[in-house]
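Student: One structure coming up, written as structure tokens, with questions to follow.
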Amino acid sequence: MLFRLWVFVLLTPCYSWRPWTISDESHCKNGNSENPIVRPGFITFNFYTKNDTRIYQVPKCLLGSDITYHLFDAINTTESLTNYEKRVTRFYEPPMNDILRLSTVPAVKQFNLDHSIQPQIVYSLNLYPSHGIYYIRVVEVRQMQYDNVSCKLPNSLNELIFPVQVRCAKITRYAGENIYTHFFTPDFMILYIQNPAGDLTMMYGNTTDINFKAPYRKSSFIFKQTLTDDLLLIVEKDVVDEEYRFISDATFVDETLDDVDEVEALLLKFNNLGIQTLLRGDCKKPDYAGIPQMMFLYGIVHFSYSTKNTGPMPVLRVLKTHENLLSIDSFVNRCVNVSEGTIQYPKMKEFLKYEPSDYSYITKNKSIPVSTLLTYLATAYETNVTISRYKWSDIANTLQKIYEKHMFFTNLTFSDRETLFMLAEIANFIPADERMQRHMQLLIGNLCNPVEIVSWAHMLTADKAPNLENIYSPCASPVRRDVTNSFVKTVLTYASLDRYRSDMMEMLSVYRPPDMARVAAIQCLSPSEPAASLPLPNVTFVISPSYVIKGVSLTITTTIVATSIIITAIPLNSTCVSTNYKYAGQDLLVLRNISSQTCEFCQSVVMEYDDIDGPLQYIYIKNIDELKTLTDPNNNLLVPNTRTHYLLLAKNGSVFEMSEVGIDIDQVSIILVIIYVLIAIIALFGLYRLIRLC
């Protein structure tokens, strides 16, 4: 019965429409008693075209339902035959050859658990122990959050398909004049691109419930197929070659669909595409022709992530995969502005409840920064999340270990960069105690130095391709805006690597946050100011070529005329005030002696600068051991000369010049020296008396 209704609705536009009335009487006009045109309980429709007349009869009960009114609202019964014929030929019809793409067998390892294993419920998540490893069924935590109301699909589809009642998640992004909107449902994904030259709709997934209006047929829009899913392409044929050239060369689409069921392979593809986009300098360019491809792959990644590979998987692997997913979210959000909507996986939020005492469910490897990983997952949620003090303590220890490992100018590893990327995202986006925020920004920013810049340049040419996380450099820290194009050029020119400067500056522009809202003392600083900020526990130092902020300032006088260094100290809890003049001044003090006992200069920063090139690097000193290592002449870490100088920016806001005398730390305190001298004098006096007695 429903089939007959569909036939009627589909054929209505074909044969035009005539007014109709419902009658319970039988009429035999143009018929006979054995074949009546109208019968009780039925509605007769007469369609006329030239000399041809077609008659359809539909039970009246069907036309009185809500769905009938819904369907009639979706069709234009007054359209002329001329307009109807014109729009039939308007759309691009993909070639029939090479439509079928047989998905390869996923290479991802499939984990099969013994069905007799009983789950352990940990914070509402079912975990399955097997051979010392805990597993979780992916389907339990990868469910995308869909809106509670029915999704309103793109208006451009109204002409072609009947309305679809389905819940979805929706996110919209802008790139110049183009608008990119993703619709995610449990069965299919839609990428809708609004372009002044012509729109494009790409629909992928199980399209069984998508019904096209006459004269269109679904088969006319199928661009590619797998064994289970369709990729429909809806675009006017006049704009395909002009705006969407990747459609003509379907290699990109084919390669994507080859791995459509393998989430980790798709994540790898997107990482490679993202790195290429960065290295070409195309990120944030509204006219970049590759954005439609990026948006298509992005949609496929999220759709496959939320619907494929639903079986058991080790908990750590689930978390690491989600980490990778969030990193591509972060990258896309940086490249293409988000205007509306989010994509969230609410069940993943349950992992945020795990404390260090629960980490054995995730991994027994103590070297994995689990607290950092879990807190990084929290950056996906718009609402404030609460991170326990135990996690913050663990995060601080992780950062401190990385800093101590590389504070004296050693190369960061891929693993270190990945962890620093997560730590930087946490520092930039997760609310925390201000002291913690300041400390994280300080340590991450201080890992940027000339050695890191050269190492980063070499990494871009390494055989092992980086991903969107481990390509991160601490030079992208918001407190290191002094890492400018001219500074990078100076460093790379010395190393004969200046050809990579544009790539590095592009990456810095993408990964560096637009402001410093998390550190109140410097939140008023303009992002365009080439300043370095050092948020110490009790004071913040800003090093800049001009006056940029209210505080106690000091001008370095040893530099050449073309190089200006102004150091401004801002006391803790001071209101940030942007200024272009000197507010208050202080003198440069000379450091003559450093005690190794009381460590007056711990929690301070040693700054190296060049008379010509300006500030070069900063080293935060936490304890006396680090200070001894730094100033030990045998380590050659501080090598003053006629051009290179060192300043100590103290925790109380004072600035000291570290002379050659001051670089050598006294290994004993002055009091002990006095005691030793007194003992020696007494001993000599006793020896003298003894000799006299003899």
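Backbone N, Cα and C atoms are what each Cβ position is placed from, and that goes for glycine too.
What Swiss-Prot lists as N-linked glycosylation site is N51, N76, N148, N206, N337, N365, N384, N411, N538, N573, N593, N652, and the listing cites sequence analysis. The feature region 'Interaction with gL' is assigned by Swiss-Prot to 174-234, with sequence analysis given as support. Residues or ranges marked as signal peptide in Swiss-Prot (evidence: sequence analysis): 1-16. Sequence annotations record features per position, and here Swiss-Prot assigns transmembrane segment to 672-692 based on sequence analysis.
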Student: Compare the Cα of N652 (N-linked glycosylation site) against each of the glycosylation sites N51, N148, N206, N337 and report the nearest.
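Tutor: So, of the listed glycosylation sites, the one sitting closest to N652 (N-linked glycosylation site) is N337.
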Student: What Cα-Cα separation, expressed in whole Å, is found between N411 (N-linked glycosylation site) and N51 (N-linked glycosylation site)?
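Tutor: N411 (N-linked glycosylation site) and N51 (N-linked glycosylation site) have their Cα atoms 85 Å apart.
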Student: Could you round the CA separation between N593 (N-linked glycosylation site) and N206 (N-linked glycosylation site) to a whole angstrom and send it over?
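Tutor: Approximately 75 Å lies between the Cα of N593 (N-linked glycosylation site) and that of N206 (N-linked glycosylation site).
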Student: Measuring Cα to Cα, how many angstrom lie between N337 (N-linked glycosylation site) and N365 (N-linked glycosylation site)?
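Tutor: Rounded to the nearest whole number, the Cα-Cα distance is 38 Å.
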Student: C-alpha of N384 (N-linked glycosylation site) to C-alpha of N365 (N-linked glycosylation site): distance in Å?
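Tutor: For N384 (N-linked glycosylation site) versus N365 (N-linked glycosylation site), the Cα atoms are 29 Å apart.
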Student: What does the structure give for the C-alpha distance between N365 (N-linked glycosylation site) and N573 (N-linked glycosylation site)? Integer Å is fine.
Tutor: 40
Student: Using DSSP, what's the helix, strand and coil tally for the region 'Interaction with gL' (174-234)?
Tutor: 4 helix, 32 strand, 25 coil
Student: Going by C-alpha positions, which of the glycosylation sites (N51, N148, N538, N573) is nearest N206 (N-linked glycosylation site)?
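Tutor: The smallest Cα gap between N206 (N-linked glycosylation site) and any of the glycosylation sites is with N148.
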Student: Would you count the other C-beta atoms found within 10 angstroms of the C-beta of N365 (N-linked glycosylation site) for me?
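Tutor: Result for N365 (N-linked glycosylation site): 9 other Cβ atoms within 10 Å.
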Student: So which glycosylation sites are near N538 (N-linked glycosylation site), with CA atoms within 10 Å, out of N51, N148, N573?
Tutor: N573
Student: Can you tell me the mean pLDDT for the region 'Interaction with gL' (174-234)?
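Tutor: A mean pLDDT of 90 is what the model gives the region 'Interaction with gL' (174-234).
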Student: State the Cα to Cα distance, in Å, between N51 (N-linked glycosylation site) and N148 (N-linked glycosylation site), rounded to an integer.
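Tutor: Per the Cα atoms, N51 (N-linked glycosylation site) and N148 (N-linked glycosylation site) stand 51 Å apart.
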Student: Roughly how many Å separate the Cα of N573 (N-linked glycosylation site) from that of N148 (N-linked glycosylation site), to the nearest whole number?
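Tutor: Approximately 45 Å lies between the Cα of N573 (N-linked glycosylation site) and that of N148 (N-linked glycosylation site).
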